[in-house]
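A quick write-up on the structure given underneath.
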Amino acid sequence: MSLIASIYAREVLDSRGNPTVEAEVYSEDGFFGRGIVPSGASTGEHEAVELRDGDKSRYLGKGVTKAVANVNGAIAEALIGKFDVADQRGIDLAMIALDGTPNKGKLGANAILSVSIATARAAAEEAGLPLYQYLGGPNSYVLPTPMMNVINGGVHSDNKVDFQEFMIMPVGAKTVKEAIRMGSETFHNLKKLLEADGKNTSVGDEGGFAPDFANNEEPLQYLVKAIQAAGYKPGKDIALATDVAASELYDADTKKYKLKWSTGEEFTAPEFEKYIEGLVAKYPIVSVEDPLDENEWDDWVEVTKELGKKVQIVGDDFFVTNTDYLKRGIEMGAANAILIKLNQIGTLTETFEAIEMAKEAGYTAIVSHRSGETEDTTIADLVVATNAGQIKTGSMSRTDRIAKYNQLMRIEDELNQGEPEGVSIYKGINSFYNLNADAKKEIQSHQG
């Protein structure tokens, strides 16, 4: 057991070249941990506050020197010499109390989270354990099924695509290493197909391709072709997933969803639900994220009734990793999965609480990156620590995304001690804890 001896934060850059907070924590026995906080582009309005300076003369107003000062000042004073590095809950609750606001608006969730992660890493080092094992204990052995965002749209790119993400999920793989290989092969075949058709193969924020398409269906067609070109079967081996990010398309005044980057079509909520249902019926889609605006709770209940038995309905902007919103969703029957983003809520403790609440309700928890990422690989350890079963961490390019995949392969090797088969489990299609056997069978039999 070792008390916190020092805390130091600095301003560093994320994958978009914007400032973010990095914190370092040392224990009195010399153990060390570092945490770097990611940042989102498509953010839910109820997320914890990402404290920015607002000084337009510096980093276009996106500096984080105020958050850094809060770590080096108030947070350091409250924690140094008072908490053992292993007291994760005590440390997180102390920072929450010090902030004193419901959304961490005083100190900044970016300030608080950097210390929360750094503390956990220092404690893991002190315990002589890898982070996933320190956080989750000896029963942490489920490797996640990846959601690989290989085509980017919406606010994640500059193209004429409305849906924010088009993803592939290697549901038929036997190991995470095989899943990553399948994803990589499909990604490279997708690039060849796009190039052959004269489409741009530059990549977006999350490493996926971001060419223009005629509509939101064409990317799905390309994904099916890419899966087949890689030698796999759509649905059986690799399923599809999409993040609609519908709040970006919704006009609260007209109560309509507009495909503003592509065709310009407008839909009422029931019409938009039917539009999405049509895509699910036509393609081997296993997961749909944020299909409706984050504030339209009754509409979420309806789409869950209609589609929730067939596919995973994920709340991201809808739940913002917040147990208050998740509890309401569970009670109403809205969504059947939650996207877990550390910086949406701001501490590891609250993140674990959200994952546990989801599991108890039969909701799947999907641990996720943000569009503005860093070299920090905490989410790879977190998803294994919690046996969550699914991870969303970008495409098969950009080091900020690949770092997480590499860490997952290291963890799998470590669990199996280099043997082809060991204690690790990759569940593939069975990582959809919220879907019954018939739904899974239907998805894997769907050829697109």
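Cβ coordinates are placed from backbone N, Cα and C, and glycine is handled just like the others.
Checking the candidates Asp253, Asp298, Asp299, Asp316 against Swiss-Prot: the one annotated together with Asp243, Glu289 at the Mg(2+) site is Asp316. Going by what Swiss-Prot states, the (2R)-2-phosphoglycerate site holds Lys341, Arg370, Ser371, Lys392, and the candidate of Gln88, Gln133, Gln164 recorded there is Gln164. Site extent for (2R)-2-phosphoglycerate: among the recorded binding residues Gln164, Lys341, Arg370, Ser371, Lys392, the largest C-alpha separation is 17 Å. The recorded positions close to Asp316 (Mg(2+) binding site), defined as a CA atom within 10 A of its CA, are Lys341 out of Gln164, Lys341, Ser371, Lys392.
Considering only the recorded positions Gln164, Glu206, Arg370, Glu289 (Mg(2+) binding site) has Gln164 as its nearest partner by CA-CA distance.
Counting in whole angstrom, Arg370 ((2R)-2-phosphoglycerate binding site) lies 7 from Lys341 (active site, proton acceptor) by their C-alpha atoms. The distance from the Cα of Gln164 ((2R)-2-phosphoglycerate binding site) to the Cα of Asp243 (Mg(2+) binding site) comes to 6 Å.
For Asp316 (Mg(2+) binding site), the number of other Cβ atoms no farther than 10 Å from its own Cβ, over all displayed protein chains, is 29. For Glu206 (active site, proton donor), the nearest neighbour among the listed recorded positions (Asp243, Lys341, Ser371, Lys392), judged by C-alpha distance, is Ser371.
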